[in-house]
Amino acid sequence: MNQFGRSNLRPSKISAAAANRPWLAWLVVFIGLALSYSPLWLPRVCRGLGITPGFEGPANSIVWNVLAVSLLLGYVLLIERRPVASLGLRRPQGKDLEWALYLFGFYMAWQWAVLTFWPPAEDSGTASITSLPVVAVAGMIVSAAVCEEILYRGYPIERLSELTRRPWLAYVLTVPLFVAPHTVFFGPQWLWTSGIGTLAIYLLYARTRNLPACMLLHLGINLPILIPTVAHRLGG
């Protein structure tokens with residue numbers, strides 16, 4: 001079957017637990033999801049307690065992303081007792097990278113068309129990023145490419161696919177949780193500009209179930225923001 005077919009789903013420790021104690025399997029995944037999506041809620045809790053990560057503005061996402069990935073990987077390895085391959089962290093095959101290149105080419109062609117024929121208005125989200133030091137923006141790019149793939153694609157899609165036995169439902173449940181914060185931060189024009197890159201990444205994961213390939217595509221999609229960042233610094 002294709003990537004969305006049930007025959008691709010292998011028996012797992014979660015599904016084995018669900019056979020006798022379904023509530024336990026859901027509880028284990030619920031805690032994992034809380035860790036996975038902690039960058040969406042933990043910063044607000046910490047601000048309420050007067051705790052700050054030491055970075056100002058969008059750059060603090062580096063801290064929250066790295067913290068969330070560290071906690072999640074520890075949870076997967078020590079509590080779930082499962083390998084990182086269960087998150088899609090496997091050595092990419094040639095076909096995986098080939099699909100990543102195809103989708104990157106599609107995204108860049110789309111970006112050229114949008115910027116040429118329907119250039120979006122400037123948004124405060126992009127401006128707040130490009131005004132940061134180049135090193136901070138580079139750190140954000142790398143942390144987003146690596147951490148967001150683990151937090152928002154690998155863990156939730158794999159675990160929800162196992163529990164529900166319906167991979168399509170895992171995408172329906174998780175895609176809005178990734179898209180909504182980006183739309184709020186960058187504005188609705190993000191949906192038809194960089195949002196197409198998000199679509200490409202989801203398509204790549206659905207096709208390959210390989211996170212490193214998705215990380216490379218994510219990195220390539222985000223790297224162009226360094227151009228206005230450097231231009232802003234050179235322009236004084």
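Any Cβ shown, glycine's included, is placed from N, Cα and C.
Heads up, TrEMBL stuff is auto-annotated, nobody curated it.
Feature list (source: TrEMBL):
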- 132-223: domain 'CAAX prenyl protease 2/Lysostaphin resistance protein A-like' (DOMAIN)
- 23-42: transmembrane segment (TRANSMEM)
- 62-79: transmembrane segment (TRANSMEM)
- 99-121: transmembrane segment (TRANSMEM)
- 127-147: transmembrane segment (TRANSMEM)
- 168-184: transmembrane segment (TRANSMEM)
- 190-206: transmembrane segment (TRANSMEM)
- 213-231: transmembrane segment (TRANSMEM)
- Query: Under a Cβ pair cut-off of under 8 Å, which of the recorded stretches 62-79, 127-147, 213-231 contacts the transmembrane segment (99-121) most often?
  - Reply: 213-231
- Looking only at residues six or more beyond either end of the transmembrane segment (62-79), which have a C-beta under 8 A from one in the stretch? 28, 31-32, 35-36, 38-39, 42-43, 53-55, 86-87, 136, 139-140, 143-144, 146-148, 150-151, 155
- Task: Check the transmembrane segment (168-184) against each of 23-42, 127-147, 190-206, 213-231 and return whichever range has the most CB pairs under 8 Å.
- Result: 190-206
- Taking helix as H, G and I and strand as E and B in DSSP, count the residues of the domain 'CAAX prenyl protease 2/Lysostaphin resistance protein A-like' (132-223) in helix, strand and coil. 83 helix, 0 strand, 9 coil
- Two-stretch contact, the transmembrane segment (213-231) and the transmembrane segment (127-147), at least three Cβ pairs under 8 Å: yes
